[in-house]
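A.B. asks: First the structure, which I've put down as structure tokens, then a few questions once you've had a look.
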């Protein structure tokens, strides 16, 4: 689920065994089926090196070339032997994404449309804040969750991204910021797709971008958003760590949430709330609830009262999202006065609440819009 508009087997996984790093890929349509170097965690890189007769310390050097110096060819890794560089070239890909286009908003927001090696397109967004630069990443090509207000679901789900394809989005954003000596300080996993339906690549991605020998993005500066895959919320809680969890809620009762988000049929609101209570108890960390406001749908005072009743006893924060208009959907923006009324009711009930600052309101900012627009243009 996405702030921009808002159980398949991953096509490529890095699986570490006690004997050998096993690199598997099922995407037969690729013109180059080598795995991405960015999909390897540091420990997996060490193991691969040792299996190929190299010293494990080379892994930190490779990470430095990839994530600090940000080279785009193995040949540039000048402190590695030619034999090792040739072996890396033979085994891995280093170029993950090709920019198709980008749009820049008056507020500094940059939305990229990237092409993957198999021709599919994904979106990545840089958002500028007073506290740093945040990057919103995509985890799937399309989405099957079917939220009725989101452009991302219009074409359905094509495939999951592998960990390296998600990492590469942050890396491309960092390269774009390098020109102004900027830095990616925060990452939100809120782009196209449901992250918890691509769970293992997601976990590898989080490990890689957090590694202090690489991009070194702090766990507390990373947020993962889910539409409510209940079993994975429990699993995420058990793994510990300090990565933030956000829930795309958007409705305070079962009937309305089912109308907006069909996933509520499979994972009912009651079970979702139980999972949220467990997560808070297990981790001691606050949950963020994302609540998009849709004119005449879920934005009335009684909805705010219901929401306060639903989450009032939780360690939580509510992000109210004035939604972007999506031409392919029927929902309209909530009136400004209604937004402030909704917030005031939550404030009065003691709920920690903010109205999310809009980003990229003058470009195709809703999640999936730029991708959908490109698909229409290329289809003629």
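Cβ atoms here come from the backbone N, Cα and C positions, even for glycine.
Whatever TrEMBL says is automated annotation, not expert-curated.
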A.B. asks: Besides 193, 194, 248, 249, 250, 324, which of 204, 225, 288 does TrEMBL list for that S-adenosyl-L-methionine site?
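C.D. replies: S-adenosyl-L-methionine site check in TrEMBL: besides 193, 194, 248, 249, 250, 324, the record includes 225 out of 204, 225, 288.
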A.B. asks: Counting other CB atoms within 10 A of each CB, which of the binding-site residues 143, 147, 150, 249 comes out lowest?
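C.D. replies: Comparing Cβ neighbours within 10 Å for the binding-site residues 143, 147, 150, 249, 147 has the fewest.
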A.B. asks: Within 10 Å of each Cβ, count the other Cβ atoms and name the one among the binding-site residues 225, 248 with the highest count.
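C.D. replies: Per the Cβ count, the most surrounded site is 248.
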A.B. asks: Quick one: Cα separation, residue 324 (S-adenosyl-L-methionine binding site) versus residue 143 ([4Fe-4S] cluster binding site), in Å?
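C.D. replies: That comes out at 18 Å between the alpha carbons.
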A.B. asks: For the recorded positions listed here (123, 193, 194, 250, 324), which one has the lowest count of neighbouring CB atoms within 10 Å of its own CB?
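C.D. replies: Checked 123, 193, 194, 250, 324; of these recorded positions, fewest Cβ neighbours within 10 Å: 324.
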A.B. asks: Calculate the distance in Å between the alpha carbons (Cα) of residue 123 (active site, proton acceptor) and residue 150 ([4Fe-4S] cluster binding site), and round it to a whole number.
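C.D. replies: So the Cα of residue 150 ([4Fe-4S] cluster binding site) lies 14 Å away from that of residue 123 (active site, proton acceptor).
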A.B. asks: Could you round the CA separation between residue 147 ([4Fe-4S] cluster binding site) and residue 250 (S-adenosyl-L-methionine binding site) to a whole angstrom and send it over?
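C.D. replies: Per the Cα atoms, residue 147 ([4Fe-4S] cluster binding site) and residue 250 (S-adenosyl-L-methionine binding site) stand 10 Å apart.
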